[in-house]
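Enquirer: A single structure is presented below for examination.
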């Protein structure tokens, strides 16, 4: 009996189950770790497009990836069950990827100061991405493999491209192309900020975080591309869990980081304003008798040069980012 079993297939299946479970545990852990920040920075703040897309991304990715892990941990899934699952997984994955890319594109849109051509580029990219994913899901080529029994005695939902042909592998090629465009735009803006020495703290943080995200997720997508080009049916799903979970974690973390910088800076600036008023009104008896415009200029000059708070450019960056971009 042992002679008829493909032991490599069993080892691959165990790895797939472990990797899917590990990715989901990481996502749940990150959710619990940042839940208090979510309450303070999103649920207690006004509704905006950024708030809606963050909450959608956060909870959709959570339930989607928990569902994926549950399926791969099944010991005896039926063929019908696996067929339904892969259709649902492909559709759900496309929706999550598009959501994540919208978040990243909004950040780049902010980094480019609401440039109209950047907006047009991102709208076209999103529409093209949705169309390409629709083709992959809605028009599969003949010979695509999907089974609940990839090897004798082994039961797990497994899928793959036809032998000596590729189709699903091009899905990862599409993602790598989009990530390359976004990475290039982010690198260009980082170079401009560095060369000119411009941009407040929030814009520098946007650039830094975006670069780290693109480099990290590009590596994960590249790994999946290599796995699917190799096209071992028992190994193809090895990296999909991490690609879905890590991209969601990083996108959500990016939005939490921006919100934290904005609202912490806003609070600090308000404190500086109150302290400035108190100092001037106490130290200068005639301060309150000054014209309101002059009084404001004096306060602004003090705030702008104070070492205890953000610079005026930082406050401007944060205000514009919050009000115009809706984050």
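Placement of Cβ uses the backbone N, Cα and C atoms for every residue, glycine included.
TrEMBL labels come from automatic prediction, so no person has curated them.
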Enquirer: Choose the correct range: of 192-210, 211-229, which one does TrEMBL annotate as transmembrane segment? Give that range.
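Expert: Per TrEMBL, the stretch marked transmembrane segment is 211-229.
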Enquirer: Of 93-110, 147-164, which range does TrEMBL call transmembrane segment?
Expert: 93-110
Enquirer: Near the transmembrane segment (117-142), which same-chain residues lie under 8 Å Cβ to Cβ, leaving out any that are not at least 6 residues past its ends?
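Expert: Sequence-remote neighbours of the transmembrane segment (117-142) are 87, 90-91, 94, 97-98, 101-102, 105, 108-109, 162, 165, 167-168, 170-171, 174, 178, 181, 185.
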